Structure formats: structure tokens, C-alpha cells
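Copied over from Swiss-Prot:
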TOPO_DOM  1-6  topological domain 'Lumenal'
TRANSMEM  7-26  transmembrane segment
TOPO_DOM  27-110  topological domain 'Cytoplasmic'
COILED    73-106  coiled coil
TRANSMEM  111-131  transmembrane segment
TOPO_DOM  132-155  topological domain 'Lumenal'
TRANSMEM  156-172  transmembrane segment
TOPO_DOM  173-198  topological domain 'Cytoplasmic'
Amino acid sequence: MDPFSILLTLTLIILAQNAVRIVGKSQIHQSIWNLYLRYSNDQQILKLRNLKAESYDVYKQRSNTSAQDEYAKWTKLNRKYDQLQTEIKAVSDQVSQQQQAIEKYLGLAISVTTTLPLWLFRFKYRKQPLFYFPKDTFPSYLEWILSFPSVPQGSIGIMFWILLLNKFVSNLEFIVKTFSTKVEKPVPIVKVEDLSPK
């Protein structure tokens with residue numbers, strides 16, 4: 001693989017890794033779970049959806065029924081509503097277990113896709129220089145640090161490139177957060193003498 005392809009691939013992987021970090025795995029899990037709930041044909045999810053709709057209808061009927069004037073009808077609706085709530089809780093527990101299993105595999109998939117390629121690149125291309133500096137650009141000790149651990153002196157290797165990219169993304173994130181937060185306008189301090197009549 002040529003150095004430019006390595007640089008580009010590493011940049012994309014590190015940007016994806018930092019995007020996951022910034023957005024947060026829990027937010028990604030929740031978004032994917034919401035999509036799964038919306039478009040899934042799973043029987044438990046469909047049953048839960050139907051039970052909630054039926055429970056809402058019974059609740060509306062019960063609310064529109066006077067407990068004093070139509071006590072028998074209201075009691076029947078109340079019992080049905082309580083029964084539906086019990087069923088909803090049981091089905092919700094099953095769906096919650098399903099959600100935990102999906103989140104477990106999703107978290108594993110995110111971790112593998114964002115960290116494994118970096119480790120493979122570090123191992124496979126650790127001795128390949130990504131680009132060279134002109135001779136005597138930096139002092140020899142600095143060139144040695146930039147080429148650490150195993151590329152020729154006077155070049156930048158994959159380890160230092162990953163370090164630079166991560167630092168760049170974290171600094172960029174800091175700048176964006178700093179300038180995007182709204183700062184309250186300071187309230188002027190009024191001295192007691194200013195309030196006294198003249």
C-alpha cells in the first residue's frame with residue numbers, strides 16, 4: 001500500500017473513531033434502537049405496540065366515562081386497563097432484554113470497526129515511512145522522536161501520525177466547543193453611591 005493511501009485510510013479511521021467518541025456510544029445505540037423499533041417486524045415489538053395502542057384507547061374511554069354515573073362500565077374499563085398495563089410490563093421486559101443483547105453486539109461491532117483496523121495498520125506498516133522531511137530540517141534528536149519506533153530517521157511513521165491526528169481532532173473539538181457555547185453577558189455592578197439621590 002502506498003503512503004498516501006495509508007495516510008488517507010488512517011485519517012478516515014481516526015475521524016470515525018473520534019466521531020463515535022464525541023457523539024457517544026450510548027447515543028448511537030439509542031438511535032439505532034429507535035430505528036429498529038420503528039421498522040422491525042419482530043413479534044414482541046409488534047405486540048408491545050398493539051398493547052400500548054389498546055391501552056391508550058381504554059384509557060381514553062375510561063376518562064370519558066363517569067365513575068359515579070356508569071360505575072359498572074368504568075370498573076370494567078379500569079380492570080381492563082390494569083390488565084393491559086401488566087401485559088405491557090411483561091412484554092416490555094422481554095423487549096428490554098432484546099435491546100440489551102442488541103446493544104451488546106452493537107457496542108462490540110463499533111469497538112472492532114474503530115480499533116482493530118488501527119492495530120492492524122500499526123502492526124503491518126510500522127516500518128514504512130509515510131513521508132520524509134528535507135535533510136537537516138529538525139535536530140537529530142527531534143527527527144529520532146518523529147520516526148519512533150521503527151521508521152528511518154528523517155521520516156514520520158504511522159505511530160506519530162496517529163498521535164498527531166488524534167491531537168488535531170481533540171484540539172479542533174475544543175475550539176468548536178469553546179466558540180459554540182453561549183456566554184452570558186456580564187451584569188454591570190452598581191455601587192451603592194450611584195443609587196443615592198443627588
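Keep in mind that glycine also has a Cβ here, set from the backbone N, Cα and C atoms.
Note on the topological domain 'Lumenal' (132-155): DSSP counts are 7 helix, 2 strand, 15 coil. Residue counts for the topological domain 'Lumenal' (1-6) under DSSP, split into helix (H, G, I), strand (E, B) and coil, are 4 helix, 0 strand, 2 coil. Confidence across the topological domain 'Cytoplasmic' (173-198), taken as the mean pLDDT and rounded to a whole number, stands at 77.
Sequence-distant contacts of the coiled coil (73-106) (same chain, six or more residues past either end, CB-CB distance under 8 Å): 28-29, 32-33, 36, 42, 44-45, 47-48, 51-52, 54-55, 58-59, 61-62, 65-67. Beyond its flanks by at least six residues, the topological domain 'Lumenal' (1-6) meets 121, 125, 128-131, 158 of its own chain at Cβ-Cβ distances under 8 Å. Counting residues 6+ beyond its ends, the topological domain 'Lumenal' (132-155) has Cβ neighbours under 8 Å at 126 in the same chain.
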